Amino acid sequence: MKILADQNMPLVEAFFAEFGEVTRFDGRSLTPEQLIDVDVLLVRSVTKVNAAMLQNANKLKFVGTATIGVDHVDSVYLAERGIAFSSAPGCNAIAVAEYVISVMLAFSQENATPLAGKTLGIIGVGNIGQCLREKVASLGMKLLLCDPLRHEAGSLPEHVDVDTVLAEADIVTCHVPLVKTGAHCTKHLIDAQRLARLKPNAWLINASRGDVIDNQALLQHLQRGAGWQVALDVWENEPHILTDLLAYVRFATVHIAGHTLEGKARGTQMLYQAWCQLQGLNADKALAAFLPEPAVTACQLQATFTDADLGRLVHLIYDVRRDDGLLRSRLAADGFDYLRKNYPVRREFSTLTITNANDFAPVLAQLGFAVVATH
Ligand SMILES: NC(=O)C1=CN([C@@H]2O[C@H](COP(=O)(O)OP(=O)(O)OC[C@H]3O[C@@H](n4cnc5c(N)ncnc54)[C@H](O)[C@@H]3O)[C@@H](O)[C@H]2O)C=CC1
Ligand SMILES: O=C(O)C(=O)[C@H](O)COP(=O)(O)O
């Protein structure tokens, strides 16, 4: 059996080698010819899987994307061809939520203003939005939650509309899927008019898809002097991003919000599980067996630890400024995709065990750290 897998997907050999021969490909330059005689295709977000790509796929039984987003896959076409399809819902939700927390704490430090008391607006309260909502629950922030689909389904009674979020939140973060048509279209959900609703000193974060915010409109607002602080992980027209924006964006990263080692590896594991289910097999391989020991695993707090140290602790595990620095120093020389492919290892908060947390135990546990109870 032939398995074709994106070269940026970890652990494919560990999970899939028992089923056949694994060959790797470059996600952006896959051609239809490479799909001849292939049984299983495993992609990431940069590969368009559609009728044109699959025109020569004579044996394809299964397509898996090790991502949350599915806007690059024509799932209707796959269903018509009888090709099974699976994505990896929630695989890197923790990573994206931790990216947002790192951004907010960095903004908080740089502006010498605490997060407590601020209003955080979350647009899209699915796996990522919900994970973020839970992680920040002990930080003393007021939350405004916007998800019309969940509201209509009766699972988010506290929903507020997007215009209210934009007008009232101090921090706005986007976690919607990219949907290009229909009543809940999200392409340019935040357009020039909606941007104009933002508070003068708002912090705006996008780690969903670049097209959700009209990048030209954002640039024009910022050039005209809008005082927002902006963090963009995703951009319109990746990898050829609007570089004029960089001068106005405080934290600019190369679509890596979800790229913890755990998040990427979980994506592969979920495809392995989906493939096993399709084959009627037991999925008995565990992810933990394949993950390396993190470089830092334990941290003991001192009695002098205060609220102001929370940012330092979070940034010990993940500081968005590292990735902003990589983009700014290396984008011109190396390019967007090279930086994504060679992304330095990043681990989740849960890999750090904290002792002596005392009064900070609840907030740190809520954020996702492994807190050792003290008596
Ligand atoms: N930057 C990165 O590295 C990553 C980006 N993503 C992006 O984040 C998106 C969201 O991920 P999840 O939360 O896991 O997806 P999800 O499908 O669990 O949740 C998305 C939520 O957005 C809501 N939604 C849809 N249209 C909306 C609208 N017009 N206004 C407000 N809410 C709306 C849905 O009802 C749903 O609850 C993904 O589709 C993907 O594009 C995901 C992972 C990593
Ligand atoms: O899961 C998603 O959706 C994402 O955006 C990924 O985390 C990042 O995409 P790729 O690494 O697959 O390009």
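The chain as shown is numbered from 1 upward.
Glycine residues also receive a Cβ, built from the backbone N, Cα and C atoms like all the rest.
What TrEMBL records for this protein:
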type	residues	note
ACT_SITE	R209	active site
ACT_SITE	E238	active site
ACT_SITE	H255	active site, proton donor
BINDING	S45, T67	substrate binding site
DOMAIN	16-266	domain 'D-isomer specific 2-hydroxyacid dehydrogenase catalytic'
DOMAIN	290-368	domain 'Erythronate-4-phosphate dehydrogenase dimerisation'
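Annotated features taken from TrEMBL, shown on the structure.
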residue : record                 : contacts (Cβ under 8 Å, 6+ apart)
S45     : substrate binding site : T65, T67, G69, H72, H255
R209    : active site            : G69, D71, P177, L178, T186, V234
E238    : active site            : V46, G210, H255, F336
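Cβ neighbour count for T67 (substrate binding site): 24 (other Cβ atoms within 10 Å of its Cβ, all protein chains included). The DSSP breakdown of the domain 'Erythronate-4-phosphate dehydrogenase dimerisation' (290-368), given as helix, strand and coil counts, is 45 helix, 6 strand, 28 coil. A Cβ distance below 6 Å to any atom of ligand 1 is met, among the recorded positions S45, R209, E238, by R209. DSSP assigns S45 (substrate binding site) to coil in the three-state reduction, placing it in neither a helix nor a strand. Neighbour count (other Cβ atoms within 10 Å of the Cβ, all protein chains): 23 for H255 (active site, proton donor). Under the DSSP three-state reduction, E238 (active site) is assigned to coil, being neither helix nor strand. Mean model confidence for the domain 'Erythronate-4-phosphate dehydrogenase dimerisation' (290-368) is a pLDDT of 97.
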